[in-house]
Amino acid sequence: MAVGNLSKTGEEKTASRGQSEVNRRLKYISLAVLVVQNASLILSIRYVRTLPGDRFFTTSAVVMAEVLKVLTCLVIILLQKRLNVKEMVYFLIDVIVVQYKDTLKLAVPSLIYTLQNNLQYVAISNLPAATFQVTYQLKILTTALFSVLMLRKSLSRVQWISLLLLFAGVAIVQVQQEGNKEASVKDTSNQNYTVGLVAVVISCLSSGFAGVYFEKILKGSSASVWVRNVQLGIFGTALGLLGLWWNDGAAVAERGFLFGYTSMVWCVIFNQAFGGLLVAVVVKYADNILKGFATSFSIIVSTVTSIYLFGFHVDILFTAGAGLVIGAVYMYSLPKAPGSSASPSSSSSSSSSSEKTDRDAEMEAFLPKAQGGVSPPSAVHITT
């Protein structure tokens, strides 16, 4: 009997070691995927927006990405319903039309995300990719501040220090870019650094508010992330078409919806549409520290790649500012120490939810904090 117990214990230890090895490999894979997705989207948008020749309409690209997201979620829901189209249609009518009040809750964040997606194109078209990548980390600051103001969350001392370092690092980068403005946009004559900076700041504000808004209005919601994204996509597509008509209506009527589309443009759209889905899958295996490290490493990748692709100039001031941002991102992702500065009544909820405030904008845009926003990233429900 004792021999049998020892044998069973040995098998359990072997299985545990095997599982831990698998999890370790999945974490490394997650790190690589997060870095590639974070860096590639920004670099590819910058590349297609600086190429000579016909320029595609960014408003049409935003609409196309929304349509692809909705179609993807519909396919996933259909698979969950075992390819029963009738059952899926009844299900969607119930959750979207019958429960219309719940659907209408997503009108505001959908408007914000549509605005944010358009502003990202404007910002990246007018800013060097590395500068945008560094400056866009202000979304961590805006999300944290909105969480404190709207959700009464508490931040640890380390997180407050990291936010100060983040702001200082971005400020240093902007000072460096202001002093080197001509060199930073010398590749094209139609870029406006001020327009790009305003666009990225508004995008950071909208990203922070939208993420916290989701967490506030969707607490306790039982809807799956796929249903939420269908609801988001309906509003997003309609609002995107409205923006297209307002900004580029006459030009699109004359030249066509897909004017200027190339294989590289399609790659950008697919990256934008499915990147969030990819991040949502891999984030199941990546803890918050790993995500922070991935974000930091993607800044380095974007900077190095920009040097070779766009002739971006890196000096000591930019290196110092980017270094502060990278360190701040990593510091903010560290788990809160026990007994940190949370009030007794809210410490249990804030310790689990504060880890989520630095989610990537791309993931927020595709997979909002559905499931109430009270679970850590590893508990995000991918299927229902």
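Glycine residues also receive a Cβ, built from the backbone N, Cα and C atoms like all the rest.
Look at TrEMBL and you will find 340-354 tagged as compositional bias 'Low complexity'.
Feature annotation from TrEMBL assigns region 'Disordered' to 338-384.
Taken from TrEMBL, the feature transmembrane segment covers 26-45 (among others).
According to TrEMBL, the feature transmembrane segment maps to 57-79 (among others).
If one looks beyond the transmembrane segment (158-175) by at least 6 residues along the same chain, the residues whose Cβ comes under 8 Å of a Cβ in the stretch are 131, 134-135, 137-138, 140-141, 144, 197, 317-318, 320-329, 331-332, 334, 336-337, 354. Annotation source TrEMBL lists transmembrane segment at 158-175 (among others).
The transmembrane segment annotation in TrEMBL covers 195-214 (among others).
Taken from TrEMBL, the feature transmembrane segment covers 226-246 (among others).
Here TrEMBL flags 258-283 (among others) as transmembrane segment.
Marked as transmembrane segment by TrEMBL: 290-310 (among others). Same-chain residues lying 6 or more positions outside the transmembrane segment (290-310) and placing a CB less than 8 Å from one of its CB atoms are 27, 30-31, 34-35, 38-39, 42-43, 46-47, 50, 128-130, 133-134, 137, 187, 283, 322, 325-327, 329-330, 332-334, 358-360, 377.
Look at TrEMBL and you will find 316-334 (among others) tagged as transmembrane segment.
Put simply, of 26-45, 57-79, 316-334, the stretch with the most CB pairs closer than 8 A to the transmembrane segment (226-246) is 57-79. Panel annotation: around the transmembrane segment (57-79), residues 85, 88, 91-92, 114, 117-118, 121-122, 125, 226-227, 229-230, 232-234, 236-237, 240-241, 243-244, 247-248, 251-252, 257-260, 265, 268-270, 272-274, 276-277, 366, 383 of the same chain, lying at least six beyond its termini, place a Cβ under 8 Å from a Cβ of the stretch.
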